[in-house]
Amino acid sequence: MQIPLPANLQKQSFFRNQTHLKKDWNSIIKHHTKLKDDHAILYTYAQMESLSIPPDNTTLPLVFKACTRLNAVEKGKRIHSTIKGTPSMEDVRVGTAVMDFYCKCGFLKEARHLFDEMCDRDLVSWNAMISGYVSCGFYKEAIVLFLDMQRKGLKPNSRTVVQLLLACREVSELRLGQEIHGYCTRNRLFDSDPHVGTALIGFYLQFDVRKSCLVFDSMLARNIVSWNAMINGYVEVGDSSEALNLFLEMLRDGVKFDSVSILAVVQACAEIGSFELAMQIHQIAIKCDFYGNDLFIMNALINMYSEIGSLELASKLFDIVPAYDVALWNSMIAAYNDSGYYEEATSLFCEMRAEGIQEDERTIVIMLSLCAALADGLKKVKSLHAHARKSGMKLDVSLGNSLLGVYAELNCVESVQKVFAEMSNVDEISYYTSISTLASNDMITEAWELLGMMRDSETKPNSYTMISILATCKDETCLNIGRSIHGFAIKHGIQMNTSLNTALTEMYMNCGDEVAARNLFEACPNRDLISWNALIASYIKNNQAHEALLLFNRMISEVEPNAVTIINVLSSCTHLANLPQGQCLHAYITRRQSSLGFDFSLANAFIAMYARCGNMKSAETIFRTSPSRNVITWNAMITGYGMHGRGTDAILAFSKMLEDGLQPNGVTFLSVLSACRHSGLIDIGLQLFHSMVQDFNVTPELAHYGCVVDLLGREGRLDEANKFIKSMPFEPDATVWRALLSSCRVQSNTEVAKAVFENLVELEPLNAGNYILLSNIYAAAGLWSEVRKVRTWLKEKSLRKPPGISWIVIRDQVHSFTAGDTSHPQSEKIYANLTSLSTLLKDAGYVPDLSWFLLHAEESETES
């Protein structure tokens, strides 16, 4: 029989049981904490709640840490709501744990509110809030909170300074970081905690790797994290040799490296490009059991072999990986792409999808980068774009900018506009690519509208934006617009770097303000090779070859020219037929031991220059001594032979080109057809035209048709030439009709000439040369009444043919002449020599053709 206890004894017994139960349950939670079983912690806590057993203040922090690690946000919030206003929240340990939970889950506003409400805040509380700001990227707020903490008289510990050094690094607070360094030294934090030294290494890497090295050398206590930080620091600043040397020092000191060390060393090895070293690092990874199971290491090794040019080893390594992930597939696809194996990259992408590996945004970005090199690139880009959209991929900055870039490269303006409009967020590159595409397609209004949108957004215009919009200014009509862009850049404080200065210089040159262009160029304190090249190219583009040569002569005393410089200057020599200057350039390159054979563009430019200047022997020497030749090299030689009337040599060069296995292009056929035309090789020329279409699948352009018309016309087959023009797949331009009209002059066929002229004058009603050509045909046929009629048309239309100009370059001085010119200071001597030459010609038996004399007399009369 049970004897009932008194009420007060029953109550005491209940509380004893509750206390005992509470102690047991809290012990269970602590046990799960030692086992790192977060799910069990939360499950146990849920059981306690169901039994109305409250946790103690030592257990609650453990529960909130479990919520943090499991990212159980709603669970943590609910627990916080149940203890809000209870004595537990007055405990600094519990308050700090709740605040830390909110910080690490990204709820900084709630964390700061809780922090401000805490009556009792210790150093751990301050550290938790500072760490929360840093981890969420609010570095300035972390620094402000630290300064407030100092004012409250709290002394920072190693955890405080580690977080603060991270913040200082991100906001480039060198001075404060140095003060913290001094504090650490004075309070021996630097010597006692290797994490402090590691944080200082990372901080100084933002400013000067040498200071990081001094910190590392002075550390008494180093751990693997310190070594890794220093090795990674050298890799980040591009000093891969020092990174590898430090790794060797670590091995000598007996420090056991980890996977982070290997990843850094593999990256350094890839930068150096040593195959032997790569194999040694690979062997270390195998011996230390980082091979096969660690996909990060495998991925890094694949990238390393790809970067040092050993695609075969990268592929073999990929094939033996026991488990694939999308990162490995991406690396192998990128390796094929970077090596130019586009078809293999595409096949691997298809294989990846067949294996059931889900591609990510990086996969799409890699595939997009190779599309521009494929024949059906646009089709593949649109397919990838559609696939990304269908897969629910977010069109963020990375994927969006990749799409913008490839659509811009393929000149798909509408697609660029659509992608830009669809992007979830944009940056400077997004605006730059879009504005550049619009500007290059003469969509000036749209480009300016986009610039206005950028100005009103959070993404402000920079120097590269200005460079892209300057591309809209192409001639004299755009000068005021260009000046407005210049003013906008100054008004909005946009950095006037060398690139922007160069772009403004080009704009002013293109728009006809040479004075402003030269002022900008001369005022630029850091003008580089690109600046010089741009101004030289602008002078050449504006037919000021002599100024380009003078600028080049000044340039070589300040900057070492490159192949682009030489090619630009060579084009001016070619234009002026300035052989001595071209030879000087050739000697200049030879003295600097530059190999023409390995620079196709430079070798080809010299061949073209020598051919244009009449020195085919030198052109042939360069061609013959080149260790390798491309289609442009052969084209230059064929053009040179044709220019000098050596049609047979041009045909022979064409045949040898085919024997070398090179595929001729449209320019090749244009060159060889022109050679046939100038050498009278009519039948061979016609055969080549048909072979171009039937055997080589090269689509003829207007220039090719013009050559054929001229070939037929020179043989007197005017009707056939006329029919040929009418059979063309597109409308003939003025060049084609003019070729036929010139043939009418040779054949004195006035009927066909009249009909051709009618077509020609519709296309070019204000070209005086066409009227003169018809007048010459009538004059040759003795139809002087028709000649006078044409002259009347010229007078009524106020048209005048510009005089032909001849020039010669002597000692860097260009001397130009027109017919009847007396402006040259030595004109009397020149005409005396001409008279002497004429006398010698007559004495030798030369009889001049005076059939054009009356025509030129009338021309002079009309012009006067």
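Glycine is treated like the rest: Cβ placed from N, Cα and C.
Per TrEMBL, the feature repeat 'PPR' maps to 91-121 (among others). Tertiary neighbourhood of the repeat 'PPR' (91-121): same-chain residues 57-58, 60-61, 64-65, 67-68, 71, 73, 76, 80, 83, 128-129, 131-133, 135-136, 138, selected by CB-CB distance under 8 Å and a gap of 6+ residues from either end.
Per TrEMBL, repeat 'PPR' is recorded for 122-156 (among others). Applying DSSP to the repeat 'PPR' (122-156) sorts its residues as follows: 26 helix, 0 strand, 9 coil.
Positions annotated as repeat 'PPR' by TrEMBL: 223-257 (among others). Taken residue by residue, the repeat 'PPR' (223-257) breaks down under DSSP into 26 helix, 0 strand, 9 coil.
Among the features that TrEMBL reports, repeat 'PPR' is placed at 325-359 (among others). Taking DSSP states H, G and I as helix and E and B as strand, the repeat 'PPR' (325-359) has 26 helix, 0 strand, 9 coil.
DSSP places the residues of the repeat 'PPR' (427-461) in helix, strand and coil in these numbers: 26 helix, 0 strand, 9 coil. Per TrEMBL, the feature repeat 'PPR' maps to 427-461 (among others).
Residues or ranges marked as repeat 'PPR' in TrEMBL: 528-558 (among others). Residues of the repeat 'PPR' (528-558) grouped by DSSP class, helix first, strand second and coil last, total 24 helix, 0 strand, 7 coil.
Taken from TrEMBL, the feature repeat 'PPR' applies to 630-664 (among others). Applying DSSP to the repeat 'PPR' (630-664) sorts its residues as follows: 26 helix, 0 strand, 9 coil.
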- Task: For the repeat 'PPR' (91-121), jot down how many residues DSSP puts in helix, in strand and in coil.
- Result: 23 helix, 0 strand, 8 coil
- Task: Residue list, the repeat 'PPR' (122-156) vs rest of chain: Cβ under 8 Å, 6 or more residues beyond ends.
- Result: 92, 95-96, 99-100, 102-104, 106, 108, 111-112, 115, 163-164, 166-168, 170-171, 173, 176, 183
